[in-house]
Amino acid sequence: MNTQLNNLILPIYMDYQATTPLDPRVMEAMLPYFTTKFGNPHSHSHSFGWEAENAVEEARGDIAKLIGAEAKEIIFTSGATESNNLAIKGIAKFYGNKKNHIITVVSEHKCVLDACRHLEQEGVKVTYLPIKPNGIIDLEVLKNAITDQTMLVSVMAVNNEIGVIQPLKEIGKICREKGVFFHSDSAQGFGKVPIDVNECNIDLASISGHKIYGPKGIGALYVRKKPRVRITPLINGGGQERGMRSGTLPTPLIVGLGTAANIAYNEMEKDTKHVNHLFDKFLDAINSQISEVYLNGDKDQRYKGNLNLSFAGVEGESIILAIKDLAVSSGSACTSASLEPSYVLRSMGVDEELAHTSIRFGIGRFTTEQEIDYAVKLICSKINKLRDLSPLWEMMQEGIDLKKIKWATH
């Protein structure tokens, strides 16, 4: 239920890592393909089909352009979860009779970790690399983990929970030198940070529409043609998408993804400037008014549309309830329904108490200065109020180490 306050529409959306609103320009581009331009892009005997096919191919080119790829290297899927599964399982199934080792990272998105666990049940060996306290992998540890049995390294571009950017160029160089395929889940990075698949030697990259102001239900997988990468399809049928992903293509959604990619290509610099300014404003204001607030993840090597903050002494769930006028989350939208502390924060070495106090704030293209001002004011008043009520905060101020307390059970 939306309410209005001094030209502000409440609640304020600050969960841009979970999803983004559809850019009105994207909606406008999509609409004709639901109504008058409804043809099947695989129908080659009449103008309805040709028109739809042209729109699909134009979108394919716009998506490729954003990552320095060729249009033919873009395979359409239903979203980044499918793309990640297709990349990881597709490589394992195609090359599995020659090699049987995959390397990924403990802080990857759930769908990458679950795809790898699924392959482990089928006999594939998986190494889960640790991350440093700043959320970034150690390149030496990666180098040492690669064996002659390694077929794939999968490392995400931008982390969905803490926003850190992994050193893709250096990872790609190591993989290319060792003759290992490099997959990157780029759902949170595509269209937000510069990614060049050739510069970074990326062989496979997963893309999502709804993370870049495009529609839900559409994504893509970049699959390198030179040197050629082969994958076994997960879905069999009419052989669409170079035989890698069968099924009639959803033209309106593809047009939406292509338009969103084109806008990102033209406006990335402007978006980055806007987001960086609001990030600095938000963080400086919070730090100046609240003590013991910790930014999770490297401050510089990050996409600044993601602020994951821990507020010592206050439970994350109680913060969310207290700041109902802000739409935020306590971690990945796919796992924030559980009361377990974030596995990403735990793998960075953040202790359990502090991990429980973390909130992820998302800033995006449509966030305004006025919204940031309101958010800061609300957060500061509520956090200070919650701390006044918290016996744990009081004990911390008295220098008592909460870890050493033996709590009585009743």
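Cβ coordinates are placed from backbone N, Cα and C, and glycine is handled just like the others.
His210 (pyridoxal 5'-phosphate binding site) counts 23 other C-beta atoms within 10 Å of its own C-beta, drawing on all protein chains shown. Among the features that Swiss-Prot reports, pyridoxal 5'-phosphate binding site is placed at Ala80, Thr81, Asn160, Gln188, Ser208, Gly209, His210, Thr248, with the record citing sequence analysis.
Counting every protein chain shown, the number of other Cβ atoms lying within 10 Å of the Cβ of Lys211 (N6-(pyridoxal phosphate)lysine) is 27. Taken residue by residue with DSSP, Lys211 (N6-(pyridoxal phosphate)lysine) is part of neither helix nor strand, so it is coil. Positions annotated as N6-(pyridoxal phosphate)lysine by Swiss-Prot: Lys211.
The [2Fe-2S] cluster binding site annotation in Swiss-Prot covers Cys334 and rests on sequence analysis.
Sequence annotations record features per position, and here Swiss-Prot assigns active site, cysteine persulfide intermediate to Cys334.
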Greatest inter-residue Cα distance in Å for the pyridoxal 5'-phosphate-binding set Ala80, Thr81, Asn160, Gln188, Ser208, Gly209, His210, Thr248: 30
Those binding-site residues listed as Thr81, Ser208, Thr248, and which of them has the most Cβ atoms within 10 Å of its own Cβ: Ser208
Spatial separation of Lys211 (N6-(pyridoxal phosphate)lysine) from Thr81 (pyridoxal 5'-phosphate binding site) - C-alpha basis, Å: 12
